[in-house]
Every structure is written in structure tokens, then in C-alpha cells.
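K.L.:
Quick one: the structure is below, questions incoming.
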Amino acid sequence: YLLLLCLPLTLMGTGAVPPGPSIEIHPRIVGGWECDKHSQPWQALLTFTNGLDGVCGGVLVHPQWVLTAAHCIGDNYKIKLGLHDRFSKDDPFQEFQVSASFPHPSYNMRLLKLLLSDELNDTYYDEISLGADFSHDLMMMQLEKPVQLNDAVQVLDLPTQEPQVGSKCHASGWGSMDPYSRNFPRTGKLQCVDLTLMSNNECSRSHIFKITDDMLCAGHIKGRKDTCGGDSGGPLICDGVFQGTTSWGSYPCGKPRTPGVYVKIFSHVDWIREIIATHS
């Protein structure tokens, strides 16, 4: 998730935030369980080369391309694949430098930079809070070389049709398990959480930001289960099909009747394929 309004510019996409209003785009798994080892072989972990670990998730959509959230944009990333326990020295994984990044051209980077700036005042706050549109929160990241596909590292196919409201979904990530934490202590082992796809109309009644046709909403009426700080860019899989990536949500995570918001991948399939075809 993007903890909307709170990420400092130097930690874009990390989920580390100073105190601020409770308008948030965050990333983390709350109310889930430890995924079976390598049951999500397309799951990627974005890390900084300076040692800051676990800033965002991602999805392997091609042997040399990872899809993540545009709000995770930053410099000097490494990407880990085939990882389960990020604290284990015995957990084998593949690690790659990022050779190029391509945020979606329609994502509102100006709004993101404004959100993360030190100049946030009442005027800017109104601009952000009143129907701000964070659609197209996607970024393609090209790896320095293709991955080696095996049982722990696999490409996740793009969807061929939209999901239906009520679909049973699950999300995964190494994000925070504490819905109230603003420092996002992250889990060591990959977590999964089951979610239900909810209607965008219902979702729009729960959030002050704009809910568009290029977004999906997933959660539970009673709350308690959600993605959260650190899970941004990770996959949402509905009825066995890749349908979304974690984008933003409320604070605290897992509030009743307040589903998390995901990018609708079906709306962006052509763009994803175009990036791969043009730059591979």
C-alpha cells in the first residue's frame, strides 16, 4: 500500500512514515497466514542496494520483467525472486539489478511528489484529499538478465477477462502485520491473506480518494484482513487468475467495510505487453 500522505521522499515506497493525517496509501498483510513455501513463485521483493530491505513487492510477468506499483519508484533497486524467508541465510533466491524502470505514463507523479513533499499545507491537502485520483499505479522494471525458471521462480500469466464481484481472492507480501504501525515492521516469511472482491460503488463510499474503473477493491465487511505497509506492488489473485496489484488503502489497515484498493490488471494488459515488446 502507499501510505498516502506520509511517505518521506527519501523513502518512496518504503512505507516508513512520519506522523500525519490518516490518509494513506500503505502496504502490508494483516490477518493472514504464512504462505506455503514457494506457493507464490511469481512473488518479487524490491530492495535498495544500500541495504534497506523489503520496500515493496512485485510480480514476475515475463522472464526479464517485474510489475510493481508506480509509487514504489526509486533509484538503485535490486529485485529478489524465489524468496520465502527474507531473514534466512539458507533460503536460496535469485537477485537482479534493475536495468530500466517504466512507470505508467498516466500515473499522477505530480500528486505523489506533492504528497511526499515537505511543503504540504491546507491548500495542497485539499487537492490531495478531495477525490484525488491514483489510477494506473503501475511500473514495469526490466531485470539486467532473464531469471532462471524453476519450482521457486515462475512467470504469472496476465488475465484474459475481468474478475467478478464476489470472487475469492488472495494477496501476498512481506509487509507489516500490525494494522496500526506507522513504522511498518515487516515479516520475515511471505504472508498470504484471503480477500473477497467488492464492488467499486461500495468501495467509493469508504474512501475519500477516487475509485475508478481501472481499480479493484478487495477485503471483508468485518475487516481484520488486508494488505498493508510494505505489500505494494504484490499480486492479487482471484479464482486462480492474476487480477490486481496492491496499491493503496486506509489507516489502520483492515478497517471494517473499508477494502484495500488494487490496480485492475485487465485494464493495463496492452500497456504491459507494449512495454515488453518495445524494450526487450
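Using N, Cα and C of the backbone, Cβ positions are placed for all residues, glycine too.
Relevant sequence annotations retrieved from Swiss-Prot are reproduced here:
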ACT_SITE  His71  active site, charge relay system
ACT_SITE  Asp137  active site, charge relay system
ACT_SITE  Ser232  active site, charge relay system
DISULFID  Cys35-Cys192  disulfide bond
DISULFID  Cys56-Cys72  disulfide bond
DISULFID  Cys169-Cys238  disulfide bond
DISULFID  Cys203-Cys217  disulfide bond
DISULFID  Cys228-Cys253  disulfide bond
DOMAIN    29-277  domain 'Peptidase S1'
CARBOHYD  Ser99  O-linked glycosylation site
CARBOHYD  Asn121  N-linked glycosylation site
SIGNAL    1-16  signal peptide
K.L.:
Quick one: pull the CA-CA distance for Cys228 (disulfide bond) versus Cys203 (disulfide bond), whole Å only.
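P.N.:
Rounded to the nearest whole number, the Cα-Cα distance is 17 Å.
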K.L.:
Averaging the per-residue pLDDT over the domain 'Peptidase S1' (29-277), what integer do you get?
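P.N.:
In the predicted model, the domain 'Peptidase S1' (29-277) has a mean pLDDT of 89.
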K.L.:
What recorded positions among Cys56, Cys72, Ser99, Cys169, Cys238, Cys253 are found with a C-alpha within 10 angstroms of that of Asp137 (active site, charge relay system)?
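P.N.:
Final answer, ordered: Cys72.
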K.L.:
Tell me, by DSSP, whether Cys56 (disulfide bond) is helix, strand or coil?
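P.N.:
Cys56 (disulfide bond) sits in a strand per DSSP.
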K.L.:
Whole-number Å only: compute the distance from the Cα of Cys169 (disulfide bond) to the Cα of Cys35 (disulfide bond).
P.N.:
14
K.L.:
What Cα-Cα separation, expressed in whole Å, is found between His71 (active site, charge relay system) and Ser232 (active site, charge relay system)?
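P.N.:
His71 (active site, charge relay system) and Ser232 (active site, charge relay system) have their Cα atoms 8 Å apart.
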K.L.:
Measuring Cα to Cα, tell me the gap between Cys253 (disulfide bond) and Ser232 (active site, charge relay system) in whole angstrom.
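P.N.:
A Cα-Cα distance of 13 Å.
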K.L.:
Highest Cβ count within 10 Å among the disulfide-bonded residues Cys56, Cys72, Cys169, Cys192, Cys203: which residue is it?
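P.N.:
Result for the most crowded candidate: Cys56.
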K.L.:
Within 10 Å of Cys72 (disulfide bond) (Cα to Cα), which of the recorded positions Cys192, Cys203, Cys217, Ser232, Cys238 do you find?
P.N.:
Ser232
K.L.:
Inside 10 Å of the Cβ of Cys228 (disulfide bond), count up the other Cβ atoms and send me the figure.
P.N.:
35
